[in-house]
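Feature list, courtesy of TrEMBL:
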| type | residues | note |
| --- | --- | --- |
| TRANSMEM | B:14-34 | transmembrane segment |
| TRANSMEM | B:39-59 | transmembrane segment |
| TRANSMEM | B:65-86 | transmembrane segment |
| TRANSMEM | B:98-121 | transmembrane segment |
| TRANSMEM | B:141-159 | transmembrane segment |
| TRANSMEM | B:180-197 | transmembrane segment |
| TRANSMEM | B:228-249 | transmembrane segment |
| TRANSMEM | B:255-275 | transmembrane segment |
Amino acid sequence: MSLQKKWKDLYLQIVNRNDYQLERREIMTKPLIELQNVSFQYEHTKVLHNISFRVSEGDFLAILGPNGSGKSTLLKLILGIAKPLSGEVKLFGESVSSFQHREWIGYVSQKSNAFNSAFPATVEEVVKSGLTKKIGLFKRMPKNANELVVDALKAVGMEEYLDRNIGKLSGGQQQRVFIARALISEPKLLILDEPTVGIDHENVQSFYDMLARLNKEQQITIILVTHDVDTVSNRISHVACLNQTIHFHGYKKDFDSISDEQLNGWYGHSVRKIH
Amino acid sequence: MIEAIINYEFLQNAFLSGLIIGVVAPLLGVFIVVRRMSLIADALSHVTLAGIAGSLFLSQSFASLALLNPIYLGIVASVGGSMLIERLRSLYKHYEELAIPIIMSAGIGLSAIFISLAKGFNTDLMSYLFGSVSAVSRQDLIVVLLIALVVFIFLLLFFKEMFVLSFDEEYAKATGLPSKWIHLLFMIVVALVIAASMRIVGILLVSSLITLPVAAAMRISKGFKDTILYAIIFGESAVIIGLVSAFYLNLAPGGTIVVTSIIILFIVISIKKLLFNLKVERG
């Protein structure tokens, strides 16, 4: 499917989606993430320019943008792996550099570069390792760690795979295990960087269903960088359109007022919205 | 044999050191192998050789240093080498493996210079190259014991962090683990174990005791802790069989231990293949 078609479908689906989650969340506006005038550059290439936006508790935000738009860099800034050239990043109201509660944030990276697939570890060991930061240095795993592992695996529908070698699972199953690894520390915020790259289409659907469930039932705020605009769009609450800078960030209803000309200008190629 | 061990102190030293190394080397080896650092272990062992050759040369040249145990300078060289490798790896970010030949050749080059200055090989140096049953002193045994203690304390404190770091470095950084410091400590511990192992298996074969038992363990294990357990069993068996045969056949233990490890590896691979074929036949 061409990129144009994807964008078209995205807008179409956002326009048609159910509104109830959004209304519920408008009441809860505590910002979990706040970026103010953030810029970033690699050597002499400007990657992100003057980014300001906030993510509130309970949001399910998809960051969309073409290749090279700075999506992954934005996540790195939020996680504190990269430092901004200027501007400020705040997590839970605190500056990212002094933020201590990393266990509140679950991170799931692209499957392709996440790990060495021949690594000798069971699903149980991998999920349990998600507790490392929460427990802290010099301390041992808690006695109920095994129960926590089972609970986390149940939440992603993978409890039967407890004893399997992680490398022997399919790409979609591995990503579920990595979500479980993030869930075990009971995060308030889940950050996913193109989590479905290399996963076949059917599994992508159920993967996003699972994320939507976690967002709704466990009130976990989710930020997702993705290319699967057509699949994800009927499950998210917010959209951010990124191309070096944030061109749009808001609810679906606000999308309606965006003109085709505006979209073309942001992405440098023809994108059309169908009503 | 048991009677001989009871009667002779040098045999006690060799066997006790061997038994300790047989646990410690494969234990740390699992982390080294999964982090794809096997060749770094090899490079470090050659740097250790430079320290030992330097120490032997100093003992020859200065009467006051005649009794200096070469293991100390060996440890200094190994730890120094590990820090240099780290420095080089960050200098050549996109060609990290370049650090290995640079450090390895520096180690061998320096060793060659010290050996020629010390007027050629002697039996002492041979025992450092290929290990020895008779050359392990009580002092060596104590150093080996202390190094083993450092390894156990390190893993007791950082096992879960080391697992995360080995499995997924990006995730470790994203969760805010102090990965840099833990990695640096790990490199120092690796350098210590290499220096400790050399007395028994010899510098040239140290990395084999670190990697071969792990290679065999990974064929049959499912999880990480399994891998560690199997690696220690294989490592320990190789050390015991190797030392006993070295004693009776009057061979260098480095050779017998490594050959035993390779035989174990071969047996494990064959059995695994046989079982796989049987499974396929049965459908």
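Backbone N, Cα and C define each Cβ position, glycine as well.
Nobody curates TrEMBL annotations by hand; they come from automatic prediction.
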May I ask which of the stretches B:65-86, B:141-159, B:180-197, B:228-249, B:255-275 has the most CB pairs under 8 A with the transmembrane segment (B:39-59)?
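Out of the listed stretches, B:65-86 contacts the transmembrane segment (B:39-59) most.
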Below 8 angstroms Cβ to Cβ, which residues of this chain, lying six or more residues outside the transmembrane segment (B:65-86), approach it?
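The answer is 40, 43-45, 47-52, 54-56, 58-59, 99-100, 103, 107, 128, 137, 139-140, 143, 183-184, 187-188, 190-192, 194-195, 198-199.
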Determine which residues of the chain contact the transmembrane segment (B:180-197) at the Cβ level, with the cut-off under 8 Å and only residues 6 or more beyond its ends counted.
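Contacts of the transmembrane segment (B:180-197) (Cβ under 8 Å, skipping residues fewer than 6 from its ends): 17, 21, 24-25, 28, 31-32, 37, 40-41, 44-45, 48, 51, 71, 74-75, 78-79, 81-83, 85-86, 143-144, 147-148, 150-151, 154, 158, 161-162, 165, 206-207, 209-210.
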